[in-house]
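The block underneath contains the structure these notes are about, expressed in structure tokens.
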Ligand code: IDP
């Protein structure tokens, strides 16, 4: 396994539920380190740009509206196999299909309001981290 970084977002539903700390505990308990973090109210343009790959999908407008419905907590996570490890911690996109004990099974309400985002590849992780953080804002440790 190699040390990787991945981009994670605690989405507006989970921020509103006041479970940022509980979600960070999942990361830390799995050996992932928070190496950058910021709370942010995304603009429509920022959310559209972040999810540009989904622009043609029927759920795109709902997704953008949801992502700007309240502040999000954005973090870069670092650790062995961080990308897949975070995806495993998150669980399936639809919380109804998410494995027991995953973040989405425990904190998400629906496929729209599904608590967390996590990069799905090394290539996307690099793009997504750079979308929100200058390299000087990421503290490898
Ligand atoms: P992921 O977040 O598990 O990587 P993606 O397929 O990349 O899932 O989709 C991005 C986000 O778009 C999902 O987290 C979810 O919030 C939303 N989404 C995906 N598929 C649907 C759908 O069929 N209906 C509504 N929202 C969806």
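Heads up, the Cβ atoms here are built off N, Cα and C, so glycines get one too.
Source: prediction; values computed, not measured.
Annotation comment: TrEMBL describes 117 as active site, pros-phosphohistidine intermediate. Around the Cβ of residue 117 (active site, pros-phosphohistidine intermediate), 19 further Cβ atoms fall within 10 Å across all displayed protein chains.
Residues annotated as ATP binding site in TrEMBL: 11, 59, 87, 93, 104, 114. Spatially close to residue 87 (ATP binding site) yet at least six residues away along the chain are 118, 120, judged by Cβ distances under 8 angstroms.
Residues or ranges marked as domain 'Nucleoside diphosphate kinase-like' in TrEMBL: 3-140. Over the domain 'Nucleoside diphosphate kinase-like' (3-140), the average per-residue pLDDT in this prediction is 98.
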Hits among 59, 87, 93, 104, 114, i.e. binding-site residues with CB under 6 Å from ligand 1, come out as 59, 93, 114
Compute the C-alpha separation of residue 59 (ATP binding site) from residue 117 (active site, pros-phosphohistidine intermediate), stating it in Å without decimals.
-> 16
The domain 'Nucleoside diphosphate kinase-like' (3-140) - residue tally per DSSP class, helix then strand then coil = 64 helix, 28 strand, 46 coil
If you measure between the CA atoms of residue 117 (active site, pros-phosphohistidine intermediate) and residue 93 (ATP binding site) and round to the nearest Å, you get 9
